[in-house]
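Peer 1: First, the structure itself, so that you have it in front of you.
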Amino acid sequence: MAALTSGLGVLGYLLFPLLLASPTWVTSVSRRHPKSQANSLSGDVACGQPVLQGKLLGGEFARDRKWPWQVSLHYSGFHICGGSILSAYWVLSAAHCFDRGKKLETYDIYVGITNLEKANRHTQWFEIYQVIIHPTFQMYHPIGGDVALVQLKSAIVFSDFVLPICLPPSDLYLINLSCWTTGWGMISPQGETGNELLEAQLPLIPRFQCQLLYGLSSYLLPEMLCAADIKTMKNVCEGDSGSPLVCKQNQTWLQIGIVSWGRGCAQPLYPGVFANVSYFLSWIRYHLQIIPNPPQILPSLSSSPKNTLIIFVTIMGHLLVL
């Protein structure tokens with residue numbers, strides 16, 4: 001998450017009891033989307049439909065097949081960010097996870113893994129072919145345009161343990177959805193880390209309420225979403241960046257957000273802020289359609305993750321980036 005300097009303000013304190021009173025959702029005109037409107041980029045493989053339906057801060061351990069699209073991004077052998085599988089060659093993550101000054105060869109991707117200490121027979125390791133950063137990254141906001149497309153050198157082999165997530169329709173209405181986020185971030189404000197993939201159910205919070213909570217100096221752009229469980233203090237934390245925020249609709253999971261920034265961990269008045277996937281949908285689809293696959297090589301299966309014992313926390317200035 002990110003820590004932006006701002007005051008809560010009187011309106012923020014007045015709003016807090018309202019958030020505790022009942023579950024809060026981003027609401028609009030009630031409208032249901034048929035299952036076919038989910039955007040799949042994976043060909044014949046069904047997206048957003050794990051075979052098994054089943055810790056972030058205060059979260060619970062995730063089962064191996066519950067979130068099969070989850071990705072672990074590593075830098076120099078350490079987990080630094082999460083991500084999600086879009087198709088056999090493409091992963092979606094956060095732009096701030098990639099430093100333009102670092103060599104691409106120092107990054108790699110793991111899929112089919114829930115414990116960072118050890119791989120299993122479903123774990124696959126991939127080198128990165130290229131990373132495409134959204135052109136507005138940090139242009140209008142310190143962490144605005146926080147979206148990255150990662151193309152792999154070889155194709156992911158799909159199974160019950162490794163599957164893509166669906167992209168949402170561009171006109172998706174976020175109303176009464178069951179939304180979850182996953183990741184390997186810190187599990188306590190004191191910096192305690194864990195190796196197990198964690199999950200947390202996070203209610204969506206309307207942007208205008210989120211803006212009041214953060215104050216005017218921590219401005220939110222229309223491309224951003226907010227989510228947190230105000231009652232239980234479940235939230236995203238450092239190391240969760242790039243991981244997906246997914247919501248279930250018509251028995252299919254859709255990715256609506258990318259973990260981006262916030263203020264500390266488990267701060268009851270500061271929800272996690274996510275890049276809104278629907279806002280960037282046309283950009284994502286355009287690049288995945290026009291860019292050819294890299295020269296094909298055999299996928300690399302890992303027997304053990306490379307030195308993946310420590311969660312690496314990225315800090316960008318005074319913005320504590322997840």
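We number each residue from 1, going along the chain as drawn.
Glycine residues also receive a Cβ, built from the backbone N, Cα and C atoms like all the rest.
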Peer 1: For the disulfide involving C179, grab the partner from C81, C97, C247, C265 as Swiss-Prot records it.
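Peer 2: Checking Swiss-Prot: disulfide partner of C179 resolves to C247.
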Peer 1: Between C210, C265, work out which one Swiss-Prot annotates as bonded to C226 by a disulfide.
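Peer 2: Within the candidate set C210, C265, Swiss-Prot assigns the bond with C226 to C210.
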Peer 1: For N176 (N-linked glycosylation site), name the DSSP secondary structure in the helix/strand/coil scheme.
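Peer 2: It is coil.
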Peer 1: Count the other Cβ atoms sitting within 10 Å of the Cβ of C97 (disulfide bond), across every protein chain shown.
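Peer 2: A 10 Å sphere around the Cβ of C97 (disulfide bond) contains 24 other Cβ atoms.
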Peer 1: Quick one: of the disulfide-bonded residues C81, C97, C237, which has its CA closest to the CA of C226 (disulfide bond)?
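Peer 2: Closest by Cα: C237.
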Peer 1: Of the recorded positions N176, C210, S241, N276, which one has its Cα closest to the Cα of C247 (disulfide bond)?
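Peer 2: Nearest by Cα distance to C247 (disulfide bond): N176.
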Peer 1: What residue among the disulfide-bonded residues C81, C179, C265 has the most other CB atoms lying within 10 A of its CB?
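Peer 2: Of the disulfide-bonded residues C81, C179, C265, the highest Cβ count within 10 Å belongs to C81.
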